[in-house]
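According to Swiss-Prot, the features are:
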type: BINDING; residues: His179, His181, Asp192; note: Zn(2+) binding site
type: DOMAIN; residues: 108-230; note: domain 'MPN'
type: MOTIF; residues: 179-192; note: motif 'JAMM motif'
Amino acid sequence: MSNNAIKDWPEDERPREKLLKRGAAALSDAELLALVLRTGDAAAGKSAIDLGRELLERFDGNLRELAQAELNELQQIKGLGLAKAASIKAAFTLGKRFQARRLETLERFTSPAQVFDFFHHELRDNRKELFLTLLLDGKNRITRKVQVSEGSLNQSIVHPREVFAPAVRESAAAVIFIHNHPSGDPAPSREDHEITRRLNEAGEILGIKVLDHIIIGDGAYFSFVESGLL
C-alpha cells in the first residue's frame, strides 16, 4: 500500500481524513509529518507517510533531534527536497513560537515548575546554551524576556553589568534567570554556581531581587531556590 498515492488509500487510512474525523491527536508522528510534506516521491514509489517514517528513522524517532536538524540534514532523505525541508523547519519553528508567546498570557509566575512548563519547549531544542532574563514588576508580573547570551556560559559573557542593564533601564523589581543545558542534564556546573552567586550579589547591591535561576534540561529542571542555594 505504501507504494500507492495516499489519495488511492481507503478513506479511513488517509491522514487528512483521519484528522478530520478523529482529531490531530489520533495521528502518528509519521502521519503528521505526511500532512506537512503533502506529497511523497512518485519516482521512488514513496508516499508522504513513507518519507515521514524515513525522517523519523533518520533521527531515531527523536522529534527533538528532528526539530534541531538543518535544512541540508533533512534533504539527506531521498525524495525530500528543499521545499519539503523548508516546510518541516517552518512547522517546528511555528510550534516553538507558539510556546514562546504563551508567556504573553501570563499575569505572573508563581513557581519554578511554571517557568519550566513555559520555557522547556523553547530551550530544550537548542544546541547552544541560551541565557535568558525575565524582568518582573513588584507584583511578580512578567514585563519582558531578554536574551543575554548564546553559547557556552562563562563569567565574561554573563557579566552582571550586561545582565542587569535591561532591569535597571526598565525599573524591574525582580528578575528570574533561565538557561538550558543542551546535554539534557540540568545539574548545575561549578560555573553555574559561581555565576549565580555573582548575579545574586549584584542584584542585592542594585536592589533588584533575584527570584531564581532555573536550568532547563530534557524533561527536567534545576532550581537554585528549590535546592536552597539561593
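In case you wondered, yes, glycine gets a Cβ from its N, Cα and C as well.
Of all Cβ atoms in the shown protein chains, 24 besides its own fall within 10 Å of the Cβ of His179 (Zn(2+) binding site). Look at the domain 'MPN' (108-230): DSSP puts its residues at 39 helix, 34 strand, 50 coil.
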